[in-house]
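*Asks:* The following block contains the structure, expressed as structure tokens.
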Amino acid sequence: MSKPFKLNSAFKPSGDQPDAIRRLEEGLEDGLAHQTLLGVTGSGKTFTIANVIADLQRPTMVLAPNKTLAAQLYGEMKEFFPENAVEYFVSYYDYYQPEAYVPSSDTFIEKDASINEHIEQMRLSATKALLERRDVVVVASVSAIYGLGDPDLYLKMMLHLTVGMLIDQRAILRRLAELQYTRNDQAFQRGTFRVRGEVIDIFPAESDDIALRVELFDEEVERLSLFDPLTGQVESTVPRYTIYPKTHYVTPRERILQAMEEIKDELADRRKVLLANNKLLEEQRLSQRTQFDLEMMNELGYCSGIENYSRFLSGRGPGEPPPTLFDYLPADGLLVVDESHVTIPQIGGMYRGDRARKETLVEYGFRLPSALDNRPLKFEEFEALAPQTIYVSATPGNYELEKSGDEVVDQVVRPTGLLDPIIEVRPVATQVDDLLSEIRQRAAINERVLVTTLTKRMAEDLTEYLEEHGERVRYLHSDIDTVERMEIIRDLRLGEFDVLVGINLLREGLDMPEVSLVAILDADKEGFLRSERSLIQTIGRAARNVNGKAILYGDKITPSMAKAIGETERRREKQQKYNEEHGITPQGLNKKVVDILALGQNIAKTKAKGKGKGRSTAKAGIVELDMTPKALQQKIHELEGQMMQHAQNLEFEEAAQIRDQLHQLRELFIAAS
């Protein structure tokens, strides 16, 4: 199943890239546990990492700080490795309200969640790829440090089918039920199976568009075929096939029975403690809730909130780390932490918030103390589990620099020859009027401006002032969700407006080549938003434009400003020297605007090729590219209904065309969510 990694790119490494690739590879081969790639904005850090992966041929996990960047990286890696398994592993919740108790108002909030089925399928596909092959790149968010089913139990539960094997039909159906597949002879969808005589059709939970047909003759498996679940057309026959569980949290029956005994023991101990402390209400509440869960587990094999008993189900001791995606990564795997100055602190903060909420639930009798072990990894556990690691950032944090020691690989020279922005410091007294004249100069030549302020009030006032003076301006604030933010950035690039005002416009990793000026108001006010790293990141937003410039408004130069200016000038000097030595003229980036939201479009086209006669690729039109994610989701549901209707009417060509369109819309939805 595994193939060697094959990098697909029209470009060869240039600038600082060849040296960075060589040094990173040497470090990994020498067994270094930690290295840092200090790559400036627009220097092709992802391309460098892709080259390292292709050269070393090692399964890799790429950690991104949020879903937006994870989607962007997923799209880029898909383009670099079209023939290999590039997978996407982020939280599958569209909406998630964890259970909680507020003692002050005696309010219990039930767990409520909405799961995105497409992302759930991609998560299952990611773990399957890690278990089956070595040419895997999994792009993950911090969701990777949260508890997942135990890989050993997951492997034990798999159903292996081979042509010629002797197995009773009822035994197959029973095993499918244990894997949490449901029988549905009417609507054939992901995670279901149907039975027609001696033929069993199974739609694997991790598959998007391929199902398995098991044909039996008496008690022998006569044939295994892969077919299109929509048209019924057989794609190929296979000698063997492995069916993976429908969820990561499946557990063998004997393990459940053993866990139930352990839960009963803990309940008895906890009841004694509560009664001894005269907590009668809490004791009654805990007994009632736990007994109900035990009955559900006995009858169905699972219960609502079964993750709270994960310690018993996976056979761990008190306080031991939960199994996570890291347990699925091979021992010689490679970890790449993108935008590490943001991602590393995030990993450190996850455990504490989760712990505080659960302690209240345990104290007031809503959960057993073992529920505290259903948690994300502690930071020291993450460190112990992480394989050889490359931290990637334009502004690495103290942790990465300390861990890497001298192994910091500089990637300052851009392949395009672009230089870091020129920096000017101007007085605060005239900052608004000065900014207005700078904006007018940029707007006249069709360039864009980013303005960052210190407070929400100032951002609002400045936006109002600029509007009164006839400027096309928008304000980006914390109430705007990720999706709308992406749309605002797209509109800025398209020229719908010229100026974007915000408080924290770092937005690591987002490409805006049209931005030629970054203005930082009150740059001399020391603090989080005006620290050295924040300033360098903000200045870097103008680094993708030939005329890139940053204006820092301040009456004095603070230590953070001095360091940021010094570092930018060091980089600029090195870039200029390289350009002069190699006769390079800086060239602006010409990146299509739809690239931001249509990351998966090419992937969908590739998937649609060569899958049976009569299939024609339905291209996602401009209408779809301009749709909001909410509208996209609505469109997807609408098309799914139409597709099923066509299939029921035996209009398979029309159904297949809609399915191809759905592929593209789902990719667009992932990119935008």
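The backbone N, Cα and C atoms fix where each Cβ goes, and this holds for glycine too.
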*Asks:* For the record in Swiss-Prot, which of the ranges 44-67, 92-115, 188-211, 380-403 is the motif 'Beta-hairpin' one?
*Replies:* 92-115
*Asks:* Long-range neighbours only, meaning 6 or more apart in sequence with Cβ under 8 Å: which ones does Val40 (ATP binding site) have?
*Replies:* Ala394, Gln411, Val412, Arg414, Asp420, Gly540, Ala543, Arg571
*Asks:* Output the one of Gly39, Gly42, Gly44 that, of all these binding-site residues, has the highest number of other Cβ atoms within 10 Å of its Cβ.
*Replies:* Gly39
*Asks:* Looking at the binding-site residues Thr41, Ser43, Thr46, which sits with the largest number of other Cβ atoms within 10 Å of its Cβ?
*Replies:* Ser43
*Asks:* So, three-state DSSP: helix, strand or coil for Gly39 (ATP binding site)?
*Replies:* strand
*Asks:* In sequence order, what residues of the same chain, 6+ apart, have a Cβ less than 8 Å from the Cβ of Lys45 (ATP binding site)?
*Replies:* Leu37, Gly39, Asp338, Val392, Gln411
